[in-house]
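Enquirer: Got a structure for you, written out below as structure tokens; questions coming shortly.
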Amino acid sequence: MEFDNLQIGPEIYGELLQGCVYERALFTGQQIHARILKNGEFYSRNEYIETKLVIFYAKCNVLEVANRLFHRLRKHNLFSWAAIIGLHSRMGFSEDALLGFCEMHENGFLPDNFVVPNALKACGALQLIGFGRGVHGYAVKMGFGGCVFVASSLVDMYGKCGVLEYARKVFDDMLERNVVAWNSMIVCYVQNGMNEEAMGVFYDMRVEGIEPTRVTVASFLSASANLYAFKEGKQGHSIAVLSGLELDNILGSSIINFYSKVGLIEEAELVFFRMLEKDVVTWNLLISSYVQYGQVKTALNMCRLMRKEKLRFDSVTLTSVLSASADTSNVKLGKEGHCYCIRNNLDSDVVVASSTVDMYAKCERIDYARRVFDFTTQRDLVLWNTLLAAYAELGLSGETLKLFYQMQLEGVPPNVVSWNSVILGFLRNNQINEAKDIFSQMQSLGFQPSLITWTTLISGLAQNGSGYEAILLFQKMQELWIQPNIVSIISALSACIDIASLEYGRSIHGYIIRHELFHSIPIATSLVDMYAKCGSIDQAKKVFNMILSKELPFYNAMISGYALHGQAVEALALFNHLKEEGIEPDNITFTSVLSACGHAGLVNEGLELFGDMISKHHVKPSMEHYGCVVSLLSRCGDLDEALQLILAMPFEPDAHILGSLLAACKEHHDIELGKYLSNHLFKLEPENSGNYVALSNAYATAGRWDEVSKLRDLIKEKGLRKSPGCSWIQIGGELNFFVAGDASHPNTEEIYMTLALLVREMQFMGYVPMVSNAEVLCS
DNA sequence: ATAGGGTTAG
């Protein structure tokens, strides 16, 4: 057909372009554009056509072309302005959108109720509440107040700026509300963390009989996921199905997100495989959910499948991969992930940077962690906290504190997480008083300690031998109406380590029963452990028999309890039972059985176990294992062989292993070896009076009273017994020291005086004397 | 005009 001969006016081309706008038919529109240009300036420089072209390219989101055509216009009008502002606003060039809005106004064009929503969207994106209020005022003055489009945009804008009251007021004042208005209100609450309120609006909407859209359900599911609201979320899914809503990427992702947050991975998978189109977000959701539930292999497999689908990993995918590497201490995988980030420019993302730092720290590569941190340009609170936590974990309290000040100098105020790390850093470095100082400092600066703060302090004190203080803190925490959770209960139980704390342990047990936490395996494990340490092996056995768990740590707790009570036969029986159940014992199991053999003098059994452990169970012997065998050998008098074993170990001997051999010197009157060992020990642990006690025991049994009293004076002179954190064990050691001398010491009177005073002091400090102490007093 | 995903503390 010969188009050139036909009389087609410019307005026909305009109509055709409008059709392309409706259809978003970019290619056809470009053909028409070409034809217009070929037709000459009468067509191409026609204001109506030029405006239509701007609108067409703007609606097709072709920013550059739309911009160029717009700037070439001799005369702008309301429509071209509206198109270009809308385009910028849609594409996220919010500043340009608002500049356009101002310029348009200055040039005498009054933005209409189609432009105002776009301007408001830009205000929301930039969180410019002042500008937003101005636009609001303009809209009211122009009489757009009743327009649902404008009002819905206002709700959204105020929500994005975090001013909930204004959003709610605009919403409440609306005379008619369509579904978008309702959706905006729901989204507004979800985005500001007010999930209950979001659900409330959803239910109001249901009562009003408004049909939900995908946006409604997706937002409702977000709220359910954030609240871990199992029932509500399932209802949301049902509504989506019943309303016949199309399972698009966003709705599908919301459903998957909900299921994975509440731990229903199978349900999440079901939805995932039912979705016809899946994008990066959908895949990422499933991947991160696998990582979160420890299924690293499945997660990595999903990554491979994702690549097969020709989808590119983004920063969220890599965050999951790095987090998986951190969880499994897989530095090889972590490095691969890190390198992928560098190659693909994902390492500039702050979240990726945090996971990278965390990954290297958890893989025991603090030097790399630090380097990655130093190379970041943008540092947010979480990134600082990640490095703080890494230093704290290692007990590098000085570095932690330095970083804590540095972040403040760089204008990032710390939060509770940061404070918690500072406290942890001190505790891990045995700086109890400093930790407590920070704890009160944070409170005086107005930071409420969180449950984690309390738990950190409680378990730290317990691990540093201040169990009694830890128990008091646990009680104080409850007085402040802070509900303990499983982790904090376990840390409180770990503070109960001797008969003196049995009562507290029992009361925590009561709490556990009242709050029906009994079926948590970690809690049951800690209970067994607590009762065993507090001298109540029968109670430990009762708890153990009540729970049917085949988990190794649970068995380990009971076996170590038997070992502690010298019940080697029971320990060995349970060990054999465990093997019959097909559970592979670990290094902890062997430590307990070996030490049980040591206490019971079961030399042959112990040595055989030690051999089996290495050859059959492929457990690399630790210092503790060697320690057990050393005490086993020294018990039956093989002090030389024990010493040979120590010298042959692949470790530098620690104070504990030397101490156990030193203790044996008392039984076997080996003063020479005792002196040799003590010399090492005094250097290793100058603060531990136990070593002096052990040596004096050896002297005492050999009748060398001159040496005994020399050592006693030395202990007093060094003020060791009064050192901070002086524990019951040390006092117990002192008692033994005096006991050792009582049979033939020339001044028995004095010894009993001292003993009585010591026992009274013990009681004053809240300790209940052990049976052996009481026996000493009675004899 | 409204919608989905990732990182830190016990």
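The backbone N, Cα and C atoms fix where each Cβ goes, glycine too.
Just so you know, TrEMBL annotations never went through curation; they're auto-generated.
What TrEMBL shows for this protein is this:
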type   : residues  : note
REPEAT : A:77-111  : repeat 'PPR'
REPEAT : A:178-212 : repeat 'PPR'
REPEAT : A:279-313 : repeat 'PPR'
REPEAT : A:380-414 : repeat 'PPR'
REPEAT : A:415-449 : repeat 'PPR'
REPEAT : A:450-484 : repeat 'PPR'
REPEAT : A:551-585 : repeat 'PPR'
REPEAT : A:586-621 : repeat 'PPR'
REPEAT : A:688-722 : repeat 'PPR'
Enquirer: Sequence-remote contacts (6 or more beyond its ends) of the repeat 'PPR' (A:586-621), Cβ cut-off under 8 Å?
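Expert: Non-local partners: 552-553, 555-556, 559-560, 562-563, 566-569, 571-572, 575, 578, 628-629, 631-633, 635-636.
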Enquirer: Restricting to the repeat 'PPR' (A:688-722), report the mean pLDDT as a whole number.
Expert: 72
Enquirer: Mind checking which residues reach the repeat 'PPR' (A:279-313)? Cβ under 8 Å, same chain, six or more beyond either end.
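Expert: Here the qualifying positions are 249, 252-253, 256-257, 260, 263, 265, 268-269, 272, 319-321, 323-324, 327-328, 330, 333, 340, 344, 346.
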